[in-house]
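J.: Questions regarding the structure given below will be posed in turn.
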Amino acid sequence: MKILVVEDEEELLDSISTYLTKEGYLCERASTYTTANQKIIMFSYDCCLIDIGLPDGNGLKLIKKLKQYQPNTGSIIISARHSLDDKVQGLDIGADDYLTKPFHLQELNARLKSVFRRRMQQGNSVICFEEIKLVPDTFEAYVHEKLLQLTKKEFDLLLYLINNRNRVIPKQNLAEHLWGDYIDEVGSLDFVYTHIKNLRKKILESGGKDYLKTIYGVGYKFTNA
Amino acid sequence: MRLLYKHSRYILLTNLLILLLGGILFYVLFNYIIDRNIRSTLYERRDFAREKLAFSDSLYVFQNFSYHIFSIKRLPKEYPFTVTEQISDTAIFDPLRKEASLYRQLTFTDNLRGQPFQITVRRPLIDDFEILRGIVASLLVLAMVLGLALYFSNRIVSKKLWQPFYITLSTLKDYQLDERIEPQFPKTNVREFNELIEAVTRLIERTRRDYLNLKEYSENTTHEIQTPLAIIQSKLELLQEHDLSIEQLQLVNAANLAVSRLARLKETLLLLVRIKNNQYIDAQPVEVAKLIASRLAYFEELMEMKQIRLSKQLDEQAKLLINLPVAEILVDNLISNAIKYNIPGGELTLELTNTMLRIRNNGKAPTKPTSTFFNRFVKSDSNSRSLGLGLSIVKAICETNQLSVEYHYQDNYHQISIYFPGQ
């Protein structure tokens, strides 16, 4: 999987590519509009992460270029501007998703995976983890081929956990992933706990193993290790 | 008291004083002139009598005059004679008018052709009281005319002369620093007003510049904060990827939480700035009931967890001309507020008519004065994770959309009412 990361802030560019390389992606970097433009024209990618605010150009134009040269490549906008217009405009010209700075790399990872799934397998993808099977398009989850009765939130939660398996996932990340902007309203991370508790119970009742480890005071880790 | 009345009062008082002094002066002067006039008449008559008597001792010539004017008495020749002259006033009964009239008389004795005479010449006096009456009457008329003149001139003055002042004042009253347009003051040829307007304009310009600078500064700061935040957050996450002990993970997580909080704070402040800058202008008729129903869906879970009982009474016809995303933010903030400050198992009531939206929820009595609730960073509980910006956003949205908002607390219920602009 080849990804182009366009971000003018070197440190952030570095973080993103380090993280994604570790995740197994092949990462190319571009810190200016010009280099990004060249790379888009010359090479092909599976997905591009594009910062809108570049010193020498607008990232939205890069998305247009990308649609022109590589219509099958996925794209995620990274923006410092949390303006509704940018978001609407970005998605209108064909970006697959939109992330506002600052974002969690785990969140980026989850979004990236869902972009790939939609793009590469034309939506008929299945995600497997040991005896657990997820069908994101129908929001169905199976344990030992037995359908689990999950709510939409519980499904999201399980998908996020599996996407970020073997990794420490702070409760805060889960809360932000599940409730987005309403995290402030959630007021307490106890809600995450309630969802986790229900999810674990449902998996165990269907004969699944308990892969969820609680890391006291931090969050969870979904692992078969 | 209005300046004009105060001013008029002083003018009226001075005028009355001047009138009074004028009256006294008038009276004294009048008396003096009359006195002089009478004296000279009396001396003329004395000289006339002397002349006639020096020529002939017949009194025949005086019979043409009234008895009151000349009364001549022959004195016995052996009368111990001294030449005297004396002026005095006397009252003589006037049979026609049937009352006494005042006269001034000059009595003198003289020896003319060997015959001593005592001669009195008189002239009728005008009554002092009558003079006074005349003066007072004319002064009263004058005072009235003055008062009327003052009244009418004041009306004209306040209408025309002070007009630039009143316009300036009302412009200043309505002016807000964050308005885009500069205030327009009237043009006038009155120097004082021009100076005032000039001073005010300079003051406003300076304050506005400072205000805009400060605003720009804080907006930039808020904006510039996000890149470092993004870097911190990403580095913390990379750090988390390493094989850390639980204790180290907890430390990283604590830092992570703080960054998230800062990020939310920044986001909310930026939103507040954008609303206040009126950046969401394209309004459209929004069906409020539908909007509320769709937003409530996001909060169902939270309400369930807190076991909040929701009751709503929504008028499906209610419409509001507003930018849709802004309306969503407004409704979200109201609902989330009503959930956040609710007690477990409490009530949440939504009421919508075509003139207002009211949201009521149970909750602890406010510990801070309710008038501060719409201010930034006012929280009911300083330890809470809330940012304390929810109601500021509500207020900002209301202000930029001509909605009025009220908060009440009564009998364990918090109530926020939003009134729509009149059609």
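Going from the start of the chain as shown, residues are counted 1 onward.
A Cβ is built for glycine as well, from the same backbone N, Cα and C atoms used for every other residue.
Annotated domain 'Response regulatory' per TrEMBL: A:2-116, in sequence order. What TrEMBL lists as 4-aspartylphosphate is A:Asp51. Residues annotated as DNA-binding region in TrEMBL: A:124-224. What TrEMBL lists as domain 'OmpR/PhoB-type' is A:124-224.
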J.: Please list the DSSP helix, strand and coil residue counts for the domain 'OmpR/PhoB-type' (A:124-224).
T.: 44 helix, 25 strand, 32 coil
J.: For A:Asp51 (4-aspartylphosphate), write down the residues of its own chain that are at least 6 apart in sequence and whose Cβ falls under 8 Å from its Cβ; none is a fine answer.
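T.: When sequence neighbours closer than 6 are ignored, A:Asp51 (4-aspartylphosphate) has A:Val6, A:Glu7, A:Asp8, A:Glu9, A:Gly59, A:Ile77, A:Ile78, A:Ser79, A:Ala80 within Cβ distance under 8 Å.
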J.: Per DSSP, what is the residue count of the domain 'Response regulatory' (A:2-116) in each of helix, strand and coil?
T.: 55 helix, 29 strand, 31 coil
